[in-house]
Amino acid sequence: MRILIAGGGTGGHIIPALAIADELKALYGAEILFVGTPRGLESKLVPQAGYPLELINVGQLKNVSLLTRLRTLADLPLSILHCRTLLRRFRPDAVVGVGGYASGPAMGAAVLSGIPTLAFEPNAFPGLANRLVGKRVSAAAVNFAPAAKFFRNAEITGIPVRKEFFTLPPRPEGAPPHLLVFGGSQGARALNALMPRIAAQLLDAVPGLTILHQAGARHAETTLAAYQQSGADPARWQVAAFLDDMGTRFAAADLVLARSGASTVAELAAAGKPSLLIPFPQAADDHQRKNAEVLASAGAAEMLIEADTTAEKLDAVLTALLGDPARLRAMSARARTLAHPDASERIARMVARIAGKA
Ligand SMILES: CC(=O)N[C@H]1[C@@H](OP(=O)(O)OP(=O)(O)OC[C@H]2O[C@@H](n3ccc(=O)[nH]c3=O)[C@H](O)[C@@H]2O)O[C@H](CO)[C@@H](O)[C@@H]1O
């Protein structure tokens, strides 16, 4: 079975796509080809995972000037033609669109060529690429029931999460507390601004605490400088641009402070990690807030709204949580109940079904 997986841009699109690819390979020995764009995170993560990647040029449509949007629309037929050439060459049995730049033209080309298509949508409100092709796909895998109406033949599968998150070793009894801060695949400006302001105080208040802060490729240097100027003991914090080994980083953490992108939330559930979530307020239809509310209402996470989050408030909530191991253990157990360990397998089986290979 040959499967073409298209899309990317942020980690939120490409990381679940890699989990689907792994499952298709494990279950069916599938041959996989990824299609992405040069500026997406896929250009780093897909080759790292050992899969072939074809790059196409697709411009941006969201949060850009009218001129850029017009140019993207004018280039769209060319991108679709390029995808049709790739389809003729690779001859996939099905095409999976995971959302993001390359997803739209590749799925459009597959629909025009009569190749079965599956759309994957992790958010309650689908992104543009999936909204455009949703009613033309053969089937769709969604995470939230309200997203189903945008697609044909949608099933609620949950989000595929890399396998290691389900089997992380527990934190050793009595180990000094560790806080992982991460702002999603691109980092989060708000966390980068707030954390250095409270780091010294927080490290004083919580004995033995250490902090690992992922700031995003574009903001790592300024965040590092802010920590350096904060007076916080440099032996007890670390700043990174991007973490390649997120499973290990989750395993080492007693608490995770994060945005609430769809995969982040799914990984917190899979790993049973207690978290403090601050949703990205500009996410389409405020979907990050909905993601965070799922964990918060189950008692698996605390949620703070960015507009109300002062440095003092963040400091107080983190100090209270890190000082209460019993509470963290309870949150961890609640988080696990929200995991979907069979999401990758269900989606792989859906792909095989539409490809006529089940
Ligand atoms: C700003 C923005 O538009 N965010 C969207 C984007 O977020 P984003 O790309 O941050 O998406 P997610 O939170 O879904 O996923 C991030 C993924 O990157 C991984 N990771 C992150 C940092 C790191 O250093 N190393 C690493 O491996 C995480 O483990 C996770 O697997 O896509 C999500 C899924 O469509 C949406 O819900 C988010 O609203």
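Note: Cβ is positioned from N, Cα and C throughout, glycine not excepted.
For 3-141, the entry in TrEMBL reads domain 'Glycosyltransferase family 28 N-terminal'. According to TrEMBL, the feature UDP-N-acetyl-alpha-D-glucosamine binding site maps to THR10, GLY11, GLY12, ASN123, ARG162, SER185, GLN288. Here TrEMBL flags 179-347 as domain 'Glycosyl transferase family 28 C-terminal'.
Features recorded in TrEMBL, as mapped to the structure shown.
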{"residue": "THR10", "record": "UDP-N-acetyl-alpha-D-glucosamine binding site", "DSSP class": "coil"}
{"residue": "ASN123", "record": "UDP-N-acetyl-alpha-D-glucosamine binding site", "DSSP class": "coil"}
{"residue": "ARG162", "record": "UDP-N-acetyl-alpha-D-glucosamine binding site", "DSSP class": "coil"}
{"residue": "SER185", "record": "UDP-N-acetyl-alpha-D-glucosamine binding site", "DSSP class": "coil"}
{"residue": "GLN288", "record": "UDP-N-acetyl-alpha-D-glucosamine binding site", "DSSP class": "helix"}
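When the binding-site residues THR10, ASN123, SER185, GLN288 are scored by other C-beta atoms within 10 Å, GLN288 scores highest. When pLDDT is averaged over the domain 'Glycosyltransferase family 28 N-terminal' (3-141), the result is 93. Between the binding-site residues GLY11, ARG162, the minimum number of other C-beta atoms within 10 Å of a residue's C-beta occurs at ARG162. The 10 Å shell around the Cβ of GLY12 (UDP-N-acetyl-alpha-D-glucosamine binding site) contains 26 further Cβ atoms across the protein chains shown.
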